[in-house]
Amino acid sequence: MGLHLTVPGLRRDGRGVQSNSHDTSSKTTADISRCPQHTDAGLQRAATPGISRLLGISSRSVTLTKPRSATRGNSRYHWVPAAAGWTVGVIATLSLLASVSPLIRWIIKVPREFINDYLFNFPDTNFAWSFVLALLAAALTARKRIAWLVLLANMVLAAVVNAAEIAAGGNTAAESFGENLGFAVHVVAIVVLVLGYREFWAKVRRGALFRAAAVWLAGAVVGIVASWGLVELFPGSLAPDERLGYAANRVVGFALADPDLFTGRPHVFLNAIFGLFGAFALIGAAIVLFLSQRADNALTGEDESAIRGLLDLYGKDDSLGYFATRRDKSVVFASSGRACITYRVEVGVCLASGDPVGDHRAWPQAVDAWLRLCQTYGWAPGVMGASSQGAQTYREAGLTALELGDEAILRPADFKLSGPEMRGVRQAVTRARRAGLTVRIRRHRDIAEDEMAQTITRADSWRDTETERGFSMALGRLGDPADSDCLLVEAIDPHNQVLAMLSLVPWGTTGVSLDLMRRSPQSPNGTIELMVSELALHAESLGITRISLNFAVFRAAFEQGAQLGAGPVARLWRGLLVFFSRWWQLETLYRSNMKYQPEWVPRYACYEDARVIPRVGVASVIAEGFLVLPFSRRNRVHTGHHPAVPERLAATGLLHHDGSAPDVSGLRQVGLTNGDGVERRLPEQVRVRFDKLEKLRSSGIDAFPVGRPPSHTVAQALAADHQASVSVSGRIMRIRNYGGVLFAQLRDWSGEMQVLLDNSRLDQGCAADFNAATDLGDLVEMTGHMGASKTGTPSLIVSGWRLIGKCLRPLPNKWKGLLDPEARVRTRYLDLAVNAESRALITARSSVLRAVRETLFAKGFVEVETPILQQLHGGATARPFVTHINTYSMDLFLRIAPELYLKRLCVGGVERVFELGRAFRNEGVDFSHNPEFTLLEAYQAHADYLEWIDGCRELIQNAAQAANGAPIAMRPRTDKGSDGTRHHLEPVDISGIWPVRTVHDAISEALGERIDADTGLTTLRKLCDAAGVPYRTQWDAGAVVLELYEHLVECRTEQPTFYIDFPTSVSPLTRPHRSKRGVAERWDLVAWGIELGTAYSELTDPVEQRRRLQEQSLLAAGGDPEAMELDEDFLQAMEYAMPPTGGLGMGIDRVVMLITGRSIRETLPFPLAKPH
């Protein structure tokens, strides 16, 4: 599996930490055995990318500035650990150099002797002391408290020695100076260390001091014995009785005893060996002493159960989330229990595995807890495999994000083997199928135990490494009963022998993520491609919508370096990666994923200081199994003993000891999905209503009961006889409470009435109960009899009532309603609830639609429905909406007009046909345009466009009669008076015959100069320039005439007017005029600047129709998005002969606008609105 490294920084804010620890073993990874005779690279989810992280940084990296501090906070002594570490580190370095170089030893002889005598132990040649000082320096820098104690003890002891020497006296002036200076330095160092005590917070293991002493003693004894033996073999000039003491002095005495005490010397090379023996003993002891808290256990059953619960609740977007259940990881939870981070500690680096698991809103809490844990034990934090969202969370915690590669994601809905880009995969699949291979796909739960055992045996035997690899993208187990939802894909030969397998873990409920891949050495080339392809092609039957394949490290470098025109740096970087791919298969892994044309999703590393990247790289290599340390417990079974789940979550009793997932509904009930600082924030009025709802439920009242029909509407109740028994239902719009008597305004669709609740007339309860239980906007059912209030207002005298719908949000202003037009569009339901005008518009629109249908039905028209999804866009010149059908892997268009299908029906003999439905055009949005709209298209055989002049007028006048009660249109009017400006609507009579004018006559009148169909293009352009009408140079004369018409005629028209005889070139589906050259039999109906409809004498000549559509298709091929495409099926239908036909197209939305005097956004129930 690929590796993802990060080295985050540290944060502490005083909160508690829940964690458990683990040992360093792991079990399995996803890789594939490769044979020399096969070139099928397959998809290896091996740790090759992990090795590559040692090479450097990705060519596509993003470095982000830390937005906030990631440390405990800066005290005045925060510099003490670093200063102490650097000081000891310098001495360690010089000591090591002096031990191996006589020249260095001679150069530093004088200062070394002074430091050694008065300040700090600094022998001339002692590897042991050099390594011990180096470890001490590292521990001090890491803020280890035990290192602070060791250094402080050394300083105190040295100060005591110097004080004793000063008190004894008898020293030379130089010696007195050195002792006084040393004593002063020690006192200052002790004071500084004591003051900086709180800066050394990192803990070590319990009993570390005793373990370190035991390790050192054992190592020293072995070293002394070995050294004594060497001295006996090579004594040099040492006397026999001095050999044991000399060896002991060199091994464990740090050469502190004066060499002059010994009369002889052994061979020179032995001193270095003796120092190494001592170094080994001291290094072992120091490692044990300074080692941070280590993990002796891993996930417990409760931990794994909690993680699975979080995955069920929140894991649908994390392709690597299931790998958090790998059992050689430890886990730390957010205090809320709603998120956690799994990690593992290697060589002092705490490697977090991917994103936090759980609620995204609780991720910062989990990251804080993890960083506090790292800081507590002095670990260097690192993250492997963070997604973009996860990397952003780590960045907000003070880290830096670096993009290292990309994860390959297959979308089965888009996957296909056809096309030139899939040629390689297609050929590989063909070879595998020719070899007789078939693919079997099953869930692990459907596999028998004995068969699963065989599967595990095959996976082990086909592994090309001695141990399993993987950490961040490998589960580490196969066939575990807890992983019953995992998917097994097997390639089977004609003899029913399994030759290869894929195991994939769940990714939410609709995805799978590759865990393990194996293949037999006898498997034919193309086996892996066959399994992946079959999985993708049959994913729908398995309920799978996404497949995570692999991680390709440095993908961008390979891709960009191979591009034409790539720069020298990009080419050089790619060349280096190709070179290293000879060993680590970096390019092979990239290409084996790329051939499936996946979606590449970036994965990130995070770190605080670039200096620790090599250390984190080593830790990741160890975690992924590429570097196996001595005494490694990687292959051991891991079962934790100390749960890390927060007490709040453990106390629920929902977690299972066997690690199985808890009851998700139970987790929701205990508030795991809505707790600790990220609860739903609600306005105060809404919270009050929610509280009231809870009180009603606790009292046994169902605020949302099953409905029952009322006996009357409000309007019917108001018209009922006095004392008539009625029941009505509606929304409470107003409440007036007078103690024992309460008045409320009740509104339903038919109207509004007053209801009266009098304590003396209620069958149960009192008016106060109603007032306490209800709010404005609630839906109630009232039962009683009709009567009147004391003022004579008709009222329903209530005897009983029932709450049938609790309104949890307050209604808008009860007097003004919704005033903001945008708010009225976005919340049309509220607009209808409080505004009578909006309800009237809905009713008027319904009346218009009904009147149009009834008028056409009365004339013998048949209503039909034609496809909305069409393979070609035609029937009008407009920009279409494009969508995609996965089944056939092809683009489709939302229809811009139903014309071409309705004409097919005309060819089939349907003589009078219409469709009233939705059309879609990807054009502008304004007061008269909406991307989706209601369109009427009607076709009448043996008629022409003049026939439809009377037909269209009749349709609109009948619609106006149905909506307004008379053939009138409502027009906006503004009156200015002494009391200000007043806007209102006034009726305009639209009965009678409407004017009919030719297009060219209307333009001529507007220009004051005569034009006709024969007017040349040059003349028309000059007229445009004079009138200020824009045009394009590629337009012909017909298009220029149409532009003049739109600017000078259409927008200035008020009373409904028919403009007839448009230029032929702008009417591709219209019959040429029967007597006038250059124009077509077409009219447009315009009223108050808006086009309401158009009608044609339809073009029925298939030869001419083909010629015109071919011209349109050339325009489309030239880049015109509105030009129609060539519909060969339609043209073939026309060749069977269509009768002479008149066709009408009318925009119903605009007719409603005309009749109601409102904009299109007001007349549509739900017009398209931009998102918030």
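Note that the numbers count up from 1, one per residue, in the order the chain is shown.
Each Cβ is built from the backbone N, Cα and C atoms, and glycine gets one as well.
Feature annotations, reproduced from Swiss-Prot:
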REGION    1-34  region 'Disordered'
REGION    1-663  region 'Phosphatidylglycerol lysyltransferase'
COMPBIAS  17-31  compositional bias 'Polar residues'
TRANSMEM  80-100  transmembrane segment
TRANSMEM  122-142  transmembrane segment
TRANSMEM  146-166  transmembrane segment
TRANSMEM  177-197  transmembrane segment
TRANSMEM  214-234  transmembrane segment
TRANSMEM  272-292  transmembrane segment
TRANSMEM  497-517  transmembrane segment
TRANSMEM  612-632  transmembrane segment
REGION    664-1172  region 'Lysine--tRNA ligase'
DNA_BIND  726-804  DNA-binding region
BINDING   Asp1084, Glu1091  Mg(2+) 1 binding site
BINDING   Glu1091  Mg(2+) 2 binding site
For Asp1084 (Mg(2+) 1 binding site), the number of other Cβ atoms found within 10 Å of its own Cβ: 21
Protein Cβ atoms within 10 Å of Glu1091 (Mg(2+) 1 binding site), excluding its own: 17
Long-range environment of the transmembrane segment (497-517) - Cβ separation under 8 angstroms, sequence gap at least 6: 28-32, 42-45, 315-323, 437, 444, 455, 458-459, 473-475, 478, 483, 485-491, 523-524, 527-528, 531-532, 535, 543-550
The DNA-binding region (726-804): DSSP-derived helix, strand, coil residue counts: 7 helix, 49 strand, 23 coil
Segment-level pLDDT (mean, integer) for the DNA-binding region (726-804): 93
